[in-house]
Amino acid sequence: LTDALKILLNSSLFLIFHNEVSQPPTITQQSPKDYIVDPRENIVIQCEAKGKPPPSFSWTRNGTHFDIDKDAQVTMKPNSGTLVINIMNGGKAEAYEGVYQCTARNERGAAISNNIVIRPSRSPLWTKEKLEPNQVREGDSLVLHCRPPVGLPPPIIFWMDNAFQRLPQSERVSQGLNGDLYFSNVQPEDTREDYICYARFNHTQTIQQKQPISVKVFSMDSLNDTIAANLSDTDIFGAKPVTERQPVLLTPTGSTSTKVELRGNVLLLECIAAGLPTPVIRWIKEGGELPANRTFFENFKKTLKIIDVSEADSGNYKCIARNTLGSAHHVISVTVKGNTKIVLNVILNLVLSPGEDGTLICRANGNPKPDISWLANGVPIAIAPEDPSRKVDGDTIIFSHVQERSSAVYQCNASNEYGYLLANAFVNVLAEPPRILTPANKLYQVIADSPALLDCAYFGSPKPEIEWFKGVKGSILRGNEYVFHDNGTLEIPVAQKDSSGTYTCVARNELGKIQNEVQLEVKDPTMIIKQPEYKVIQRYSQVSFECIIKHDSTLLPTVLWLKDNGELPDDERFLVGKDNLTILNVTDKDDGTYTCIVNTTLDSVSASAVLTVVGKNTLKLYDSRTVFNYSRPNPPFDLELTGQLERSVELSWVPGDENNSPITSMFV
């Protein structure tokens, strides 16, 4: 199961915890529920938590207190609940198998971890067995059984020879999901004495091998006297030359089978067939289509793989093995159990003031529907110390008129036959005078006509009321020109120069009052008062783009020039001045868009202009303001006349350079 849970602060309070405010423990890190460890290395069981004051840690093992002080091999990391079990210095991993649970506790409550099941990885040796040589007639099918030792986790299986080379696999010869090696039909080249099954145990980084298996492929044409002596009369006289055979399924057996998979998992279905010629496998879903984006074929189409399955993938899947002589099929009835994984909806931490009400809700979905049980500070709520402000109603705990002693950490456990999810959520009852966490005299700088956001991060319980004033003794700010955010921030949507000054934030509740001052400076915007202009320039001449700016006297601007949105060429012909860009000895490569960008710490402005480079043979066009220089296109050359007829002729030529003056029409 995967934990799909978020713990959030009650959004109605908008409180920010201060380092000095008490807070119940929260588990921040823990080892996985099913924790397989390397028996040769130290075992590290993680448990980290935060809280104020810092929590202390304790552990249970198999449901009883685990006294680490009495075990020299076990230590707890400083300021942490993480256990280190020393295996490399004499400890035995098997001695520490079990179910572990961490508790983090302070004066405000106790949070607990998941049950962490510790199991050492195992990589046992193959049991000794006598393997008889396999003598097989050419064209027959064959299965070489691997039968690896049971490991934890299960090993990865592969077949190699004595030289540690992988045995080649194909449509005819392939490894099944169970690790066995299947031959749809054997050929003389399959004869060898070193078919070796290997099992790789990743956790222990070890590889175990089975004894080599011998395969001898023979045909009646080459049957020698030695082999014949080992065969009965029936074997000899009943033997036939290599003949073609129609498909027969090697696995699965029978005509039908069933498969159950959990929603969200990967579905693997397998069909391997014997036959000569080698059968080809095809998969269909009866009464439906295979899901296009989630279906994959592996092992030469002998394995059907569907990822992230859902209830819609339930149904009958048929594999069909076919060759030139006929076909065989098998139907696998697949059932996908929907929503088998538990999903906990968001459960909120509660921060309340004395006398307030609140609710903890733990909703879980699953099939079968999960059972909900509650714990308080790690103890089943039915036997936990009574709290008159607390009432349990199924998946909800209702709190009424809480007191400081009502602070606790509650655990919601949602479980069904497929597993469980555990969530911690605290109820923290605080009586705290207001505190403002924004630094005093913090300076805010904005550009005129843009929003200004002045912070007043605060904490208090009950929740403080926030008021803003301009100036130390100014009147309270009200009206549409201001926006007051629930987190204390004052927003001035359109700040003006006269908005500059000192602003005072006041936070108050029934336990006290506090204020803080911040400073606002509104700056003049940066402007480009003379922008670069479009230029048409002859080759080998000089061009200059202007970029004259106006800016606030307290801001230091930087000017950057770009060509076609990239850096200027690394060329000494490009001269960047204080308020201009000059290009000497212009070439065709200098065509493009030039952009002037002005940056300050608060704003940025830009302006662009296009440069067009033309040849020396120019045509002048005038409008009311500007003289534009355009090059005439160069004349065509290599004119040829072909295919002359009475009323037609073919002309061909090579066009001249357009000189940035595209040709729009031609006359003959």
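Glycine too: its Cβ is placed from the backbone N, Cα and C atoms.
Just so you know, TrEMBL annotations are computer predictions that nobody has curated.
Annotated features, as they stand in TrEMBL:
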type: DOMAIN; residues: 25-113; note: domain 'Ig-like'
type: DOMAIN; residues: 120-214; note: domain 'Ig-like'
type: DOMAIN; residues: 247-335; note: domain 'Ig-like'
type: DOMAIN; residues: 340-428; note: domain 'Ig-like'
type: DOMAIN; residues: 434-521; note: domain 'Ig-like'
type: DOMAIN; residues: 525-612; note: domain 'Ig-like'
type: DOMAIN; residues: 635-668; note: domain 'Fibronectin type-III'
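Residues belonging to the domain 'Ig-like' (434-521) score a mean pLDDT of 94 in the model. Here the listed stretches are 120-214, 247-335, 340-428, 525-612, and the one with the most C-beta pairs under 8 angstroms to the domain 'Ig-like' (25-113) is 340-428.
Break the domain 'Ig-like' (25-113) down by DSSP state and the numbers are 7 helix, 46 strand, 36 coil.
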